[in-house]
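Presented below is the structure to which this report refers.
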Amino acid sequence: MSTTVSPGAVTAAPEIGAAAPAARRLPAEDGRRPRWQRVLFVAALVGAAVIFMLPFVWLISASLRPREYVFAPGFLPTPFAPDNYAEAWRAVPLVTWLLNSVVVGSAAAGAVTISSAWVAFGFAYFRFPGRNLLFGLVLATMMLPFAVTMIPTYLIWSKLGLTDTQVPLWAGNLFGSAFYIFLLRQFLLSLPREYFEAARVDGASYPQLFWKLAFPLIRPALLVAFVFEFKASWTDLLKPLIYLRNEQLYTLPRGLKVVLDRFGYGGEQQWEVVLAGSVIATVPMIILFFLAQRHFVEGIATSGRKG
Amino acid sequence: MATTVSAPAPGRRRRTPLARREARWAYLFLAPWIVGFLVFQAGPMIASAWLSFTEYDVINPPEYTGLDNYRELMADPQVARSLGNTVYYTTLHVPLVMAISLGLALLLKRVGRLQGFFRTVFYLPVMTPAVAVGILFLLLLNTQDGLINRALGLVGIDGPSWTTDPDWVLPGIVLMSLWSLGSTVIIYLAALQNVPRDLYEAADLDGAGAWARFRHVTVPLISGSLFFTLIVNTIASLQMFTEVYTMYFGNRQTAGSFNSDAASFYVIHLFQEAFQFLHMGFASAMAWLLFVIILVITVVQVRLSNRFVYYEGEER
């Protein structure tokens with residue numbers, strides 16, 4: 001995994017079919033361990049799991065209580081006040097923000113997935129002068145802090161008259177992104193080269209090799225890229241803060257920050273509204289996780305991505 | 001088309017017509033990235049380097065001021081404060097995340113079929129949008145009524161004022177950050193599952209105890225992942241923004257209050273300089289200082305790792 005951070009270590013990059021990644025998978029720990037030890041391990045994990053889950057339980061429960069009971073002890077939503085959600089719904093354009101997040105997230109994730117796969121195919125299939133150097137450069141860009149390019153990038157969108165539109169939130173993704181290029185290239189390298197040679201003999205063009213052959217074959221990896229980027233876009237606050245002024249264009253995190261500032265400490269401490277908004281922003285991500293759990297776990301385990 | 005396909009496989013050294021044709025197509029596939037790299041990375045890097053030597057407020061054209069921004073940067077107490085806070089946070093956050101994640105991963109490895117369930121539990125906080133995490137912990141860390149001080153009260157500890165006492169704001173933020181360590185757990189678990197079992201059996205034959213096995217088999221074999229998470233977590237924590245900005249910045253009530261200095265992080269301060277005060281030149285200088293700091297820290301970590309990381313056979 002160190003390749004992601006020490007691009008200098010990338011020497012001879014193989015092409016499709018040249019490397020068969022040998023995954024050594026082993027069955028779970030055997031049963032030789034004494035029973036009391038296993039019970040102890042499970043007990044420790046249950047304790048940790050309770051600590052990790054309590055904030056969620058509190059969040060949901062408190063979001064369903066009347067204002068004066070938000071901080072009441074206990075984890076039950078009593079008295080029960082589901083009206084908080086209706087109140088949040090009325091107070092701010094939550095539906096608009098939700099839809100904005102879906103649109104921006106889909107555009108960002110779709111753009112980055114397709115463009116990164118296209119570029120990754122270039123690195124995986126072809127031999128050409130400068131390949132290893134360029135791939136090293138791709139990896140090196142992962143080290144570049146967002147802050148260094150943030151201001152000139154803002155100036156570019158500003159010159160194009162696209163600030164206060166949602167375009168800057170996703171259009172940069174049309175050019176591929178280092179992490180996904182790296183990830184998809186890894187998957188492409190595991191495909192047998194004969195598939196592609198056979199298609200070439202049958203007269204397929206290179207774009208056809210990509211669309212008709214590679215693209216469907218790496219579908220699981222494409223889903224990994226899509227769900228990661230969708231999540232990244234869904235949770236991003238910084239770009240909406242920089243680019244969006246018009247509240248109607250806000251994505252959920254940006255909107256949620258407004259809710260906090262207006263109804264939290266800034267306003268009348270209507271925490272029940274803030275909490276209901278937080279739940280609404282969180283639930284789609286939890287659903288996404290359960291729909292795509294396998295892809296998240298696989299993506300992190302194979303690439304070592306943080307978050 | 002047919003002639004080129006039936007042509008013999010190109011030699012790796014000679015540039016045959018096929019190889020040239022392939023190369024043209026290769027660059028066509030790489031084109032989006034190359035354009036994106038030039039327009040959104042290399043170009044902006046050069047631009048921000050240049051801006052860092054100017055005074056620029058977006059409205060008037062940039063004015064060259066030489067090293068003024070860097071001189072100001074070095075003397076600015078707020079920059080020093082935010083950098084100090086960021087480093088303090090990073091030195092607490094990174095080792096704690098690594099230690100707790102490793103502990104959880106070691107437990108997970110040993111519970112068989114329950115593993116999937118617990119893995120999900122530890123990962124769900126990672127899915128929570130950072131703004132929601134900030135809001136949630138703002139309330140959980142509440143001095144009187146927050147869940148955390150209530151829990152501390154149960155064991156007889158009078159919890160501190162996490163969100164208002166300048167001395168406790170950063171520990172509170174570290175505490176919050178530990179909730180989202182799930183991806184590190186998954187990375188370690190994957191690494192642990194790749195440790196060949198015969199090594200443990202060999203260690204058993206040699207009479208190694210649990211600690212010796214951990215120290216001399218497990219740690220060396222997952223050192224690549226340990227090193228990787230060290231670097232990635234360090235780089236990410238040095239750029240901490242969203243949760244803390246949500247909690248302590250952005251509205252009139254909290255800005256300028258006593259705790260906003262105590263919670264000032266480097267990228268937050270940079271963002272404010274750039275987009276609230278429109279000090280684009282100064283902010284660019286801040287960005288470059290951050291870049292250099294990250295580079296230096298990463299190079300030091302890579303150097304250290306060459307001594308400690310064990311690479312098995314092939315390059316990982």
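Numbering starts at 1 and runs along the chain as it is shown here.
Positions of Cβ are set from backbone N, Cα and C atoms, glycine also.
These come from TrEMBL:
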- B:25-51: transmembrane segment (TRANSMEM)
- B:83-301: domain 'ABC transmembrane type-1' (DOMAIN)
- B:87-108: transmembrane segment (TRANSMEM)
- B:120-141: transmembrane segment (TRANSMEM)
- B:168-191: transmembrane segment (TRANSMEM)
- B:221-241: transmembrane segment (TRANSMEM)
- B:277-300: transmembrane segment (TRANSMEM)
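Each of B:25-51, B:120-141, B:168-191 was scored by its Cβ pairs under 8 Å to the transmembrane segment (B:87-108), and the highest score goes to B:168-191. For the transmembrane segment (B:25-51), the residues of the chain that approach it from at least six positions outside its boundaries are 62, 280-281, 284, 287-288, judged by C-beta separation under 8 angstroms.
Residues 86-87, 89-90, 93-94, 97-98, 101-102, 173, 177, 184, 187-188, 190-192, 194-195, 199, 265-268, 271, 290, 293-294, 297-298, 301-302, 305, 308-312, 316 of the same chain sit 6 or more residues outside the transmembrane segment (B:221-241) yet have a Cβ under 8 Å from a Cβ within it.
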